[in-house]
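Student: Shown below is the structure under consideration.
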Amino acid sequence: MAEPSPAKVYSTGGLYRRWLGAILANDQGLDPEQLTQAALSALSQTSLRRDWPGVSAVLAAIALDLQRHDLRLEQVLFGCRFLNPVGLAAGFDKNGVAASIWDRFGFGFAELGTVTWHGQTGNPRPRLFRLAAEQAALNRMGFNNNGAEVMRRTLEKQALPSPGQRPAVLGLNLGKSRITPLEQAPDDYALSLELLAPLADYAVINVSSPNTPGLRDLQDASQLRRLVERLRRLPGCPPLLVKIAPDLEDDAIDGLARLAYEEGLAGVIAVNTSLDRFGLDGRVLPKTGRTLAEEAGGLSGAPLRQRALEVLRRLRATAGPALPLIGVGGIDSPEAAWERISAGASLVQLYTGWIFKGPDLVPNILDGLIGQLDRHGFRHVSEAVGSGVPWQ
């Protein structure tokens, strides 16, 4: 009898936990930024060589393990065809180095960036901290990226299929360069988008990161309206979404929902990382010896789940069902993904939970969504969006 292939002996998620489980379970394990850089270096080379026979075979095995194909999960939103509603959130593939292979990991879409017009190194290190017990992370990265011109060359080297022809939709998350004065922000965003628009299926206006001084001021309705109007004048402007903070007051959330509707934005992404510490103020970071209350940066992961859900529900109540919403923040299980869809999200995104739980979180969520559709008698995932039906 023939020996089973390695792909059958070890699942992708099993290998991930075997190699990285001990590291991810320890705050003081391998530095999370170094770990991310090592992963992206490997993914970059894989993307560039994806048609080589050996590399292609490995990617095919990963896809067989992690992809799920079910017509009930497919949706067309703001002109983009999503094969499933689970995406990779912005912040991981900042420079788009693995843009061509995210579908192999089961994602229906991936959001690249955040990218700025000027390349920048970001804030001083250490700037990314793992909170293993809480399944969370604290980051103050500061939009470190190679800049829009380098990203364009990086994407072109990967010979991507044209927008609309890709197995995974590619979004572009745009930020303001740190050196650009706030009053010049619209032109700064516009330079990046004008250069990268031909390569993007959609674009996101990121005005909600807590790690660029003054950036959140752009969430003010008048400032954001000015920014949106500047970008929409660009030739070939892709569908525009805005990503908002979880720390907004209810009236500000309502105002942004109304602005998105009035300006014809393609959707809203809720939410970015939070300045709130969600009862973890006294939690000490071993690498600095200081508490979370004393540390700058945005918190992500499981502690953000409830607040992210509240913001999403508020947006849905104000904007109604016509405005597509993307839920992100604390999604680390099929139940959490269903909760967000039931509350009004057409799509969900993963990052911190995906790092902690591993690559099989994506198929686990997709299997869970399919199971819930069956259990509740929904013929399509769109029927579940905003239904308020709980996980069973």
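From the backbone N, Cα and C atoms, a Cβ is placed for every residue, glycine too.
Keep in mind the model is a prediction, meaning the values are calculated, not measured.
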Student: Among LYS94, LYS157, which residue shares the substrate site with ASN139, ARG140, MET141, GLY142, PHE143, ASN206, ASN211, ASN272, THR273 according to Swiss-Prot?
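Tutor: Answer per Swiss-Prot: LYS94.
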Student: Go through GLY142, GLY301, the listed binding-site residues, and name the one with the sparsest Cβ surroundings, counting other Cβ atoms within 10 Å.
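Tutor: With the binding-site residues GLY142, GLY301, fewest surrounding Cβ atoms within 10 Å: GLY142.
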Student: Which chain-mates of TYR351 (FMN binding site) that are at least 6 residues away have a CB under 8 A from its CB, listed by sequence?
Tutor: LEU88, ALA89, GLY91, PHE92, SER300, VAL328
Student: Using the Cβ center of LYS94, ASN139, ARG140, MET141, GLY142, PHE143, ASN206, ASN211, ASN272, THR273 as the substrate site position, which other residues in that chain lie within 8 Å, going by their Cβ?
Tutor: GLY91, THR114, GLY122, SER209, PRO210, THR212, GLY298
Student: Under a criterion of Cβ-Cβ distance under 8 Å and sequence separation of at least 6, what residues of the same chain contact LYS94 (FMN binding site)?
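Tutor: Expected: LEU112, GLY113, THR114, VAL115, ASN144, ASN145, ASN146.
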Student: Helix, strand or coil: which one is ALA90 (FMN binding site) in, per DSSP?
Tutor: coil
Student: Could you give the Cα-Cα distance between ASN272 (substrate binding site) and GLY301 (FMN binding site), in whole Å?
Tutor: 11
Student: Across the record's FMN-binding residues ALA90, GLY91, PHE92, ASP93, LYS94, THR114, ASN173, ASN206, LYS243, VAL271, GLY301, GLY330, TYR351, THR352, the largest CA-CA distance in angstrom?
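Tutor: 20 Å is the greatest Cα spacing among the residues binding FMN.
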